Amino acid sequence: MERARRLAYRGIVKRLVNDTKRHRNAETPHLVPHAPARYVSSLSPFISTPRSVNHTAAFGRHQQTRSISVDAVKPSDTFPRRHNSATPDEQTHMAKFCGFDHIDSLIDATVPKSIRLDSMKFSKFDAGLTESQMIQHMVDLASKNKVFKSFIGMGYYNTHVPTVILRNIMENPAWYTQYTPYQAEISQGRLESLLNFQTVITDLTGLPMSNASLLDEGTAAAEAMAMCNNILKGKKKTFVIASNCHPQTIDVCKTRADGFDLKVVTSDLKDIDYSSGDVCGVLVQYPGTEGEVLDYAEFVKNAHANGVKVVMATDLLALTVLKPPGEFGADIVVGSAQRFGVPMGYGGPHAAFLATSQEYKRMMPGRIIGISVDSSGKQALRMAMQTREQHIRRDKATSNICTAQALLANMAAMYAVYHGPAGLKSIAQRVHGLAGIFSLGLNKLGVAEVQELPFFDTVKIKCSDAHAIADAASKSEINLRVVDSTTITASFDETTTLDDVDKLFKVFASGKPVPFTAESLAPEVQNSIPSSLTRESPYLTHPIFNMYHTEHELLRYIHKLQSKDLSLCHSMIPLGSCTMKLNATTEMMPVTWPSFTDIHPFAPVEQAQGYQEMFENLGDLLCTITGFDSFSLQPNAGAAGEYAGLMVIRAYHMSRGDHHRNVCIIPVSAHGTNPASAAMCGMKIITVGTDAKGNINIEEVRKAAEANKDNLAALMVTYPSTHGVYEEGIDEICNIIHENGGQVYMDGANMNAQVGLTSPGFIGADVCHLNLHKTFCIPHGGGGPGMGPIGVKNHLAPFLPSHPVIPTGGIPQPEKTAPLGAISAAPWGSALILPISYTYIAMMGSGGLTDASKIAILNANYMAKRLEKHYPVLFRGVNGTVAHEFIIDLRGFKNTAGIEPEDVAKRLMDYGFHGPTMSWPVPGTLMIEPTESESKAELDRFCDALISIREEIAQIEKGNADVQNNVLKGAPHPPSLLMADTWKKPYSREYAAFPAPWLRSSKFWPTTGRVDNVYGDRKLVCTLLPEEEQVAAAVSA
């Protein structure tokens, strides 16, 4: 006991001494680095911060009674401090490092005073909800949605999302925070999964080429229509659509046809006539929208005999049991992969597809994954044939599509991997069997006439009063499709049960007893599909689709692929003009709630009041942010938003009788989607240049506008500019366009530097699309999903797109409307991901959003300042600052060291980073955008990597490293290369792998050497190869 007492006494004395020392030193400031957990930069400027004062009463003193402040009892789970990474002290330090007293001084010097807003204030959520308040608000909204059992069909079906895919892909930031796989060496996992997706599509459709996803089935059909026009070089200007196609698909095609000067004719199959000689293509549905399964063999022969290309819209699940379109001779096949394990989500997002023959591969839209080899001859994957795409070919591109639906394509591919060919066929047979039981039961009841044509999953019923039956079904929480006053269809899916069929029998029996059950009818049901239309050809024969059918195996496969890909889980992704910011967990949570996922897009609006309230609130918030008067939420990608906005401008001019206004002025520095979208709208493009400081040449704009004042339709402009500068003359540019009869279209790609500081409407724009997957936190998903809603001024609001099934328009709705047709297949686009942006805005509040813009600008200027001694910063504003992104110039290194931007980007992989945007908007440069979500420590780490690489370049310039055989040209360095038996590099394996100290504790490893792009396009292979062919390809390489 005595020993214990002495030890306790010593402890008390020691604590008293330490307390005294802490109090003595509390007033003395110390220079301490802002210390991240992973790494403290040896080159980072230091922050002066006082040590925290210990307010705990010393031993033996009486505690003082203190009152509790109101702030102390406010909610602690506020969100802006979790999203905006720079602390107030860091903000001040970084601003001073850039030459300003504080962050506001930097912002005042950067954003032109003439366009600066005083403040931004929301009518709702202005102070911002806490995370727990936001979750409760979303729970309340979800409770206002009513999930009825859907038999509507029309291309949207309920599905079982395998929980292993739900948890490990859809809810996994390692999958959903990846960027489009431009940097192939750190993207091999999702490239493999997307190649799996393409293989699923080619196997099931019977055509050899597929892309890696499109936005939805309607836009896929419209892209196919454009292909038919291009294949025949625009010589035939009529496109025929069979009336058995989904109505939303027909409407999207009609809208798109206007820009191509194509005439769309809708006709019953039996009445289609090619005698005019002017038909470029024909679109049919297989199975039809009302369920019929037809033999198209003779139809296709007849079309081809008349020089007409055949497009077939189809259903992947049906193709597991039906003869594939390729065997009929279809030229192009489109459809949606939604029912392969992707929730309906009130319309999206879903991965569509387009398959075609090798002959038309270079006319295909969208990203295509191909097989190539790396520097060691090992098979590697990459995005193939990029020279077709908008970022290279601009107005000559095959399509304006950029972001597609990669995340959803990966989910659908994994669904096929998990079930395999036998499992998919079993699901299809079950669905067909349930439809057959229902058809047989209705015949036995004798209360309605059932369609006699073969069907797969949809039964067409003739009855005396379709609306009365639909109303009766609604009372049992069942949704049927009403085709007309005497026609109903019921579509079955993998979630349908025998009990559901029994409920349908009761609805049609109108209160009369049903003398049988669905289960009792099952033995009597015959296969409705004739043998001539039954699939005989094999599919999904590759081992990948036949070995991962247990959850353990699929889980390991998913994680094997995931481990190959760099995402925001690993490090910042500083891609200029891409805004790879935080996708917060609270924002993502509602996306997988059944009350949001399980609603059909054509369900009665009164069943989706939670969604509708969110749309209204979001529309109001976006109007406040942008300074516009009305919004359309329908465009389901940025490129779709661009197209919609230009078509709204076109409709406005048409309404005034200005049919001749078709000239669109576009700066040479514009995103590639801008000229591609303008071309799709039938506009004549006139380009204007930039001055030496990267600003749009105002005099060139003036001359172009005045020279075309009678025909001027629009100007497309990005603000801040794609050069990373707030142009002083933007308001003058807008005035010039308006004075000459045009409208100003603002590309919203750089909205992250506007929110709360200025706005498109305040600047003078008439319409703008917002990339919700950039500024407003929807994750990029490895190449989609995205959303591109458009905001407009009052005079353009009447022309916002509507929908043929569920009428829509602007939010808020204008008094008078003359809407466009549908831009997307679903009324509100990819509605399921709108909660992400909604929760982000509502939690940040107006102040948090404004701070986010300021910190994004601060971070970019801090990085530019740190790097300017090592790399030239190409463009700056009038006060020497940059916007939220900046460009470093690497062009000189080609002459001094033989080094190009690609070499720097590949070497950055060895440092654990994704490279910035390469050679755009200026060839030979890198464009860097840090976003507000990245900590100062992460910014410093990336700057240190680039500074270290600059020294590696210097070693080449000094002759200390070989021009051809050096650490940059050899990058990246995967483990397979580093562990090889022989090493012939003039630098060490250790330096190749660990060029920076932070890599010792945590390193992301590229899994392949530098991929050979030329080989991949020269020997194009876009599906999984059998193993023996993989070996042969490697040997030949």
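Glycine too: its Cβ is placed from the backbone N, Cα and C atoms.
Summarising the annotation, Swiss-Prot assigns transit peptide to 1-67.
C98 (S-glutathionyl cysteine) has a Cβ environment of 22 other Cβ atoms inside 10 Å. According to its DSSP assignment, C98 (S-glutathionyl cysteine) is coil. Look at Swiss-Prot and you will find C98 (among others) tagged as S-glutathionyl cysteine.
The annotation S-glutathionyl cysteine is assigned in Swiss-Prot to C402 (among others).
For C463 (S-glutathionyl cysteine), other Cβ atoms within 10 Å of its Cβ number 18. The S-glutathionyl cysteine feature in Swiss-Prot is assigned to C463 (among others); the stated evidence is experimental evidence.
Among the features that Swiss-Prot reports, N6-(pyridoxal phosphate)lysine is placed at K774, with the record citing similarity to another entry. K774 (N6-(pyridoxal phosphate)lysine) falls outside any helix or strand according to DSSP and counts as coil.
Under the heading S-glutathionyl cysteine, Swiss-Prot lists C777 (among others). Less than 8 angstroms from the CB of C777 (S-glutathionyl cysteine) sit K581, L582, N583, A584, E587, I836, S837, Y840, each of them six or more residues away in the same chain.
According to Swiss-Prot, the feature S-glutathionyl cysteine maps to C943 (among others). C943 (S-glutathionyl cysteine) carries a helical DSSP state (H, G or I).
In the three-state DSSP classification, C1022 (S-glutathionyl cysteine) falls within coil. Note on C1022 (S-glutathionyl cysteine): other Cβ atoms within 10 Å of its Cβ, all shown chains, come to 24. The feature S-glutathionyl cysteine is assigned by Swiss-Prot to C1022 (among others), with experimental evidence given as support.
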C98 (S-glutathionyl cysteine): which of the modified residues C402, C463, K774, C1022 is the nearest Cα neighbour?
K774
Rank aside, I only need the closest one: which of the modified residues C402, C463, C1022 has its C-alpha nearest to that of K774 (N6-(pyridoxal phosphate)lysine)?
C402
Other CB atoms, at most 10 A from the CB of C402 (S-glutathionyl cysteine):
26
Which one is it, among the modified residues C463, C943, C1022, that lies nearest to C402 (S-glutathionyl cysteine) by Cα separation?
C1022
A correct count of other C-beta atoms within 10 Å of the C-beta of K774 (N6-(pyridoxal phosphate)lysine) gives 25
